[in-house]
Ligand SMILES: Cc1cc2nc3c(=O)[nH]c(=O)nc-3n(C[C@H](O)[C@H](O)[C@H](O)COP(=O)(O)OP(=O)(O)OC[C@H]3O[C@@H](n4cnc5c(N)ncnc54)[C@H](O)[C@@H]3O)c2cc1C
Ligand SMILES: Cc1cc2nc3c(=O)[nH]c(=O)nc-3n(C[C@H](O)[C@H](O)[C@H](O)COP(=O)(O)OP(=O)(O)OC[C@H]3O[C@@H](n4cnc5c(N)ncnc54)[C@H](O)[C@@H]3O)c2cc1C
């Protein structure tokens, strides 16, 4: 059995953490070949070759593959699919865009957000915002899977796989990229950070979100937010944690002014230690918190930042 | 331009789901069911396109059990013009996989010839996030997923997408499939007069067999379990105690 793994490549660079976690999740399924696709992807291919457990790297460079537009990327994967029993990727927004398209072109079902590998046909995945875990067995000849990265450790480095160039089937001409709006940040990335500090509606304004950011910076943490905070314009969309945002499982998750709706819990309840700061002692977030502090966040958070 | 909106009947997002004691799935008998929240947003967007004069007709379609009629009536009450129900299951516990749903939708698209399909980005029951992308693949159309902004410009749609790094804007050729994210709009509530009017709007009923689509699942559910529950910890008295506890754990 052999696995084709679509690496997460952004603007020519490999997202090592997400890719290495998917490699680790996939390696029990067979020899792992990593595919790096993009307008430029050679450098990403070099990095992927060093991940432990990778047996081969394919690099596909073509302007049509830039910005990971789904149509061209899916066509490329389908052109390579013949040799593989499993086609997998980390469950990033890019892969969630591409992989179901690949599956339908191969006339197979997709398995999204897989959190456990039972055997080559059988997998675990959360449903209902993580309120149930389903074990499913696929009857399809090929399995198309995205792995939820927060539940797998990253494979180490030290490999030296061979790198080979492959050609792309060309531009289907269905879509074109216009622009990206990406906020540059020196903070760790939300999905791989060891500590995450998140703010909710209770924070009250974009201005006051600075006290959340100050605590995060003191801890060397990433900043997260509830949907209510993002909807209200306090925080950008890529900070959203939850069922429809990012799923995180850091060593420490600090939830400030967040009530603890199931859709939010879906994105953070596997964190090792959860701290909640909320002025309402009845807030459901306290039911999952290891340490709860019933307090006004405008007092408690600056005090915490100072005393740490 | 005609807009097709697939809507799914799912457990209401406020209901606490219970896994059946025998591990055979989630208990869906006698629980409140509603339209998938993402699909409400898709219906709203389609109606706004019609109000703006960009769309000529909004057709809602649902695939599942007969009770999905109620979901379609909700779409009609919001402002959709007509609805198609494709009955593909008898038991409320039987869900139809995205691949089969996409195959049926592809046939509906062939018959209806919409210029745009607006679907939800994911259904909150199975969280698969797949149907729109699969439909797009089967039709060979362009796709724009996770939309937080949509503009129709001539024969293209300009879509801003919510992605891991922030926002991405792409331009896709129509006909296209767009799947919608939560921040695209705030769906309206149906007014009582509109709910009454909706009862008279046309609702066609078909079956999966009418479209010649085999809906047998590719994935066999081996079991369904509750995740390990998290134990509530302790309430600390003040910030100093919190700092001490975190130091004790060695994480700060
Ligand atoms: C389909 C769907 C998907 C969703 N996906 C997500 C998702 O991915 N992520 C997500 O987060 N939500 C999601 N939601 C929304 C979710 O249901 C909640 O509405 C949301 O999480 C609430 O955010 P919040 O806790 O910040 O706000 P609220 O529930 O309003 O809570 C604010 C909290 O702040 C506290 N507070 C206020 N002032 C202070 C103060 N001065 N000091 C201390 N505490 C204070 C209050 O006591 C309260 O507990 C989704 C909903 C739906 C329907
Ligand atoms: C109780 C239960 C029992 C199950 N039993 C089985 C089983 O026996 N065998 C099995 O193989 N699988 C079973 N499943 C799993 C199920 O078939 C699929 O995994 C599931 O359909 C995934 O799709 P989704 O709703 O998450 O689709 P998504 O791709 O997340 O949905 C995205 C969008 O597609 C559109 N859409 C999706 N479905 C429909 C629809 N029916 N009508 C109209 N539009 C739609 C909507 O616009 C929606 O927002 C079961 C699931 C449950 C909850």
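The chain as shown is numbered from 1 upward.
Note that Cβ sites are derived from N, Cα and C of the backbone, with glycine treated the same way.
Unlike curated records, TrEMBL annotations are generated automatically.
Per TrEMBL, the features are:
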type    : residues                                      : note
DOMAIN  : A:3-181                                       : domain 'Electron transfer flavoprotein alpha/beta-subunit N-terminal'
BINDING : A:201, A:226-227, A:240-244, A:257-264, A:278 : FAD binding site
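Everything TrEMBL records as a feature, shown here on the structure.
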residue : record           : Cβ contacts under 8 Å, 6 or more apart
A:201   : FAD binding site : A:226, A:228, A:229, A:232, A:234, A:257, A:258, A:259
A:240   : FAD binding site : A:224, A:225, A:226, A:227, A:230, A:246, A:267
A:243   : FAD binding site : A:129, A:130, A:262, A:263, A:264, A:266, A:267
A:261   : FAD binding site : A:226, A:284
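In this structure, A:264 is the one among the binding-site residues A:258, A:264 with the smallest number of other Cβ atoms inside 10 Å of its Cβ. Using a CB-CB cutoff of under 8 Å against chain B, the binding-site residues that qualify from A:201, A:243, A:261, A:264 are A:243. The domain 'Electron transfer flavoprotein alpha/beta-subunit N-terminal' (A:3-181) scores a mean pLDDT of 96 in the predicted structure.
Reduced to three states, the DSSP call for residue A:261 (FAD binding site) is coil.
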